[in-house]
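Chemist: Dropping a structure here in structure tokens format, bear with me for questions.
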Amino acid sequence: MENRALDPGTRDSYGATSHLPNKGALAKVKNNFKDLMSKLTEGQYVLCRWTDGLYYLGKIKRVSSSKQSCLVTFEDNSKYWVLWKDIQHAGVPGEEPKCNICLGKTSGPLNEILICGKCGLGYHQQCHIPIAGSADQPLLTPWFCRRCIFALAVRKGGALKKGAIARTLQAVKMVLSYQPEELEWDSPHRTNQQQCYCYCGGPGEWYLRMLQCYRCRQWFHEACTQCLNEPMMFGDRFYLFFCSVCNQGPEYIERLPLRWVDVVHLALYNLGVQSKKKYFDFEEILAFVNHHWELLQLGKLTSTPVTDRGPHLLNALNSYKSRFLCGKEIKKKKCIFRLRIRVPPNPPGKLLPDKGLLPNENSASSELRKRGKSKPGLLPHEFQQQKRRVYRRKRSKFLLEDAIPSSDFTSAWSTNHHLASIFDFTLDEIQSLKSASSGQTFFSDVDSTDAASTSGSASTSLSYDSRWTVGSRKRKLAAKAYMPLRAKRWAAELDGRCPSDSSAEGASVPERPDEGIDSHTFESISEDDSSLSHLKSSITNYFGAAGRLACGEKYQVLARRVTPEGKVQYLVEWEGTTPY
């Protein structure tokens, strides 16, 4: 992956004031928008900007003023409504030159009407964005307008990087043709109401081939960027990217490391986008990964032999039940898999730098601004050292948490919160557990792992007279439920005299009073002590079946019996798993 220098003057705003689009020009665009687009007529051939950043030839079938869009038929006979802002039409031959922005026909010093050498439309030098013919950007012959520069330079896999058109595109990308603060975004900052993205201002789909700038959070088409060495995969967001506006120069990009679970997730997502199927055979998944091995840019995983890739992928599919669904779970073939939720994988936020660590515009190092290809070592020394320390700390923490991940969310009620903290899943990527606790917070045993895929269920004997046994998982008491020291001493003295019933599986209550105490332990203790009364009720409700019921864990009653002493007991099958 090619890394361009991350400019020391990276800012929170979109460029300096002198580089912002001319607000007067933008106002003229809005005022004359309908008059300009009234030239679009049925049967006219136009270029339409699509969600991938590319332009496609089409023929207008219908014009809608209310929708400010046209129904366009493309070369493959497909029909779509396209917004006026995304339609590029040609000028009329022989027509008197006039500005396509302000519709004016007069020219002045340093404000002449320039005719685009491709579309034939005219633009005042001051109306064009950026201003045409400035001191640092002389006019080319022939001259091309902003839209035609994009139409000439954008490519699938990345825009042109060499030549006059590529240099002009880089200059054009330094200024946006819209006001980003006016865009109305959704809460995850993935879509906006205006359907305005990238440098080109066209439509886009964040879950396809788009990069999100880490600073301004705008999305940019793969086809409009000039920093990629390899084409992108659908939904691949494992990049640290800064746009040209934020970096005040060429784009900066860095590939983030992927784990095997991310590789197979990305492969399943791409297979689903391309074939519209839900389930895929493991051999099909493996073949896809091997075929796109170079495009995945896996870093340290790249050296993995072909023979070792299959076991790693299969282990990830079987281990991470929170992401993948096996056909065996729905009584189909066990060698087919699909995504539980059809969304691309999230890059781990712990590997991204803190925005506060990035240099600002007022720093002394802003004088060292780089405009061309540079190595990361050319950044200011102090910033580089600080960046390395933070990156190493975050990466080591991420790898440690990945080595001891949470238990499978299908068998543990605490997984939603734990998975979100480790893997940075968003809410639309985690299926909420129907049996989640409503008010209390519990912690699973440290031995549970996300790779645990046990299918057995725990069976426990539930006694009708409140003789609760300790649950299959160790749990910590809430702060208010910890035993007072005096109660622990009394419980230890009475422990040898207190009988305890065994469960249907033959598991007895532990002798340590911290882990479980039979309810009859307190019969000889005065109930006048309010703390002991509260302790008795809290422990009874926390440990064993009562605690599992309070957590909302699902269960099924398998049998009922009456003991010779007249006690009614039930054999209960719990949904969760047990290590014992």
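Note that Cβ sites are derived from N, Cα and C of the backbone, with glycine treated the same way.
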Chemist: Quick one: which of SER365, SER519, SER531 has phosphoserine in Swiss-Prot?
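Modeler: My reading of Swiss-Prot gives SER365.
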Chemist: Have a look at SER13, SER65, SER500 and find the one that Swiss-Prot tags as phosphoserine.
Modeler: SER13
Chemist: Going by Swiss-Prot, point out which residue in SER64, SER366, SER524 is annotated as phosphoserine.
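Modeler: Matching SER64, SER366, SER524 against Swiss-Prot annotations yields SER366.
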Chemist: Restricting to the same chain and to residues at least six past its boundaries, which positions have a Cβ under 8 Å from a Cβ of the region 'Histone H3K36me3 binding' (74-80)?
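Modeler: For the region 'Histone H3K36me3 binding' (74-80), the list is 48, 56-58, 61.
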Chemist: Report, as a single number, how many Cβ atoms besides its own are within 10 Å of the Cβ of TYR55 (site 'Histone H3K36me3 binding').
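Modeler: If we count other Cβ atoms within 10 Å of TYR55 (site 'Histone H3K36me3 binding'), we arrive at 22.
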Chemist: Sorry to bug you, but what's the C-alpha spacing from LEU47 (site 'Histone H3K36me3 binding') to SER187 (phosphoserine), rounded to the closest Å?
Modeler: 32
Chemist: Between TYR55 (site 'Histone H3K36me3 binding') and LEU47 (site 'Histone H3K36me3 binding'), what is the CA-CA distance rounded to a whole number of Å?
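Modeler: If we compare the Cα positions of TYR55 (site 'Histone H3K36me3 binding') and LEU47 (site 'Histone H3K36me3 binding'), the gap is 6 Å.
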Chemist: Just how many other Cβ atoms lie inside 10 Å of the Cβ on SER187 (phosphoserine)?
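Modeler: So the number of other Cβ atoms within 10 Å of SER187 (phosphoserine) is 7.
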Chemist: Give the sequence-ordered list of residues that share a chain with LEU47 (site 'Histone H3K36me3 binding'), lie 6 or more positions from it, and have CB atoms under 8 Å from its CB.
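Modeler: Set apart from LEU47 (site 'Histone H3K36me3 binding') by at least 6 residues yet with Cβ under 8 Å, we have TYR55, TYR56, LEU57, GLY58, ILE87, GLN88, HIS89, ALA151.
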